[in-house]
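To start, the structure itself, in structure tokens.
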Amino acid sequence: MAFLEEYLFWKLAKFLVGKQEYRILHVSEDQRELWLEKTENKQTQVVRLLQYNLEWSNWIQRDIVLLADNGEKIRRKLAKRELTILNVYFSAYPPVDDYEFRLAKPYLSVNGKVTVDSVLIERSNAMEAFEKLGSRYDLPLRMDFSKEYSEEDIETIKKNTIQIAADREKAEQSVFQYGKPFFTYVFIAIQIGMFLILEAAGGSTDTSTLIKFGAKFNPLILEGEWWRFFTPVIIHIGLLHLFMNTLALYYLGTMVERLYGNGRFFVIYILAGFSGVLASFISSPNLSAGASGAIFGCFGALLYFGVAKPKLFWRTLGLNTLVVLGINLAFGFTVPGIDNAGHLGGLVGGFAAAGILHLPKKRRIPLQIFFLAGTIVIIFFSLQYGFSDKAARVDERSILVLAEQQVNDEKYQQANDLLTEFGKSEPLSSESLFMLSFTEIKLERLEEAKTNLLKVIEMEPEFHEAYYNLALIFLQENNLDQAIIYAKKAVELNPEKESYKKILEQIANLKDAA
């Protein structure tokens with residue numbers, strides 16, 4: 001029986017590691033103290049096994065108090081509200097003095113958040129102690145106390161236990177190292193390259209440049225430019241926007257690509273980016289761009305990993321993922337100007353894409369088909385909704401931006417049709433009426449232009465450009481009396497404008513000559 005305690009020590013350790021899937025936290029140098037943890041276990045998160053020949057019960061009390069203090073450090077590290085430690089002593093003989101009262105009930109730490117439940121296993125009570133331990137924690141413990149154990153037996157079971165733990169840890173680590181990041185760096189390079197192109201072409205914050213290179217712009221999507229569901233992902237508005245998204249993609253993208261592999265990551269990123277733009281399209285008329293939706297899709301893929309492997313997720317990524325995601329969502333909801341619909345759409349898209357593809361080397365065909373069918377249905381009806389009521393998907397600012405671009409391209413009839421059609425659904429602002437009148441001047445519809453310009457100055461009496469254009473129209477009609485009135489008003493409102501002074505002088509000279 002010389003090696004009984006040591007054998008039972010490692011027998012229980014092997015059972016907890018092999019059958020109950022506890023993980024080794026710490027092994028002492030002499031391998032007589034072993035700490036195990038299983039944070040997902042609601043009853044006992046930490047087990048401490050100690051092989052030590054006990055002599056006095058007061059040593060047990062001091063050890064339990066110290067154990068509770070160490071347990072508090074572990075509790076904070078694991079971010080657990082409460083922690084229960086099973087403390088098992090293996091001793092050849094019990095203490096020489098009275099000790100039972102020290103183990104009769106669990107010890108509670110000073111703050112009440114750590115519970116230490118202690119059990120003593122010694123030769124005279126080994127069988128009974130194991131039975132009580134199994135009953136108390138609902139563990140199917142089966143121990144053979146009938147034979148002698150040698151050093152070889154102990155060494156064998158010790159190596160088996162440590163090997164089981166090492167193999168499991170290696171298998172878990174391999175889950176996070178399935179792929180080597182590639183597309184993450186490709187997407188980073190593309191969005192940096194696109195930013196440089198935008199800056200060279202007119203500026204990454206210039207509206208016309210953004211529209212020209214493929215930003216999400218609802219009026220053009222409604223006209224059939226479907227590629228704008230994808231191109232906004234590589235376009236960023238300003239250096240800070242690019243920096244923040246590139247940084248997020250570097251950390252999140254590499255993590256997800258290692259987890260899912262290159263091909264799966266590519267699909268997740270593209271589908272999440274598309275979903276983010278689609279959600280923004282149906283909920284916001286504003287011009288937008290950026291990889292935020294695709295990046296939130298990486299969060300969605302991590303959440304799916306949490307559904308597929310909840311134990312591993314909560315032990316490794318869970319809390320950090322949810323905290324960072326929560327902060328980003330809260331930021332999006334509270335700070336104006338952020339396209340939170342795009343973020344949420346990307347989050348859902350990433351989750352759905354991960355569900356369609358599932359984890360590497362794993363197949364759950366019925367579930368994957370369910371995700372595929374559900375995703376197709378959601379995308380179909382979202383597109384139907386988005387294209388069903390065009391006026392609801394655009395606002396006047398978007399229409400005006402598009403009209404300005406068309407005017408710059410000398411597409412006056414298209415700009416006129418666009419503004420006229422929008423004006424049928426809601427009254428045009430003074431700015432839009434002025435743009436409409438400008439197209440009418442270019443199309444030589446002077447009476448229509450004059451009518452709209454008069455509406456503009458009625459709505460906004462200090463709109464000096466409108467007075468100037470009215471002066472030009474009346475001058476062209478040879479109505480010098482009206483022309484000089486509007487020219488004078490334009491100069492009065494903006495005396496610094498040289499073109500206003502010149503037209504006033506020209507009209508005055510014509511009147512004098514007449």
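Glycine is no exception: its Cβ is also placed from the backbone N, Cα and C atoms.
The transmembrane segment annotation in TrEMBL falls on one of the ranges 317-335, 469-487, namely 317-335. In the domain 'Peptidase S54 rhomboid' (224-358), helix, strand and coil residues by DSSP number 111 helix, 1 strand, 23 coil.
Mean model confidence for the domain 'Peptidase S54 rhomboid' (224-358) is a pLDDT of 91. Tertiary neighbourhood of the repeat 'TPR' (464-497): same-chain residues 430, 434, 437-438, 441, 446, 449-450, 453-454, 456-457, 503-504, 506-508, 510-511, 514, selected by CB-CB distance under 8 Å and a gap of 6+ residues from either end.
When Cβ-Cβ distances below 8 Å are used as the criterion, the transmembrane segment (182-202) is approached by residues 208-210, 212-213, 233-236, 239, 242, 245-246, 249-250, 253-254, 257, 262, 265-266, 269, 291, 294 of the same chain, each at least six residues removed from its ends.
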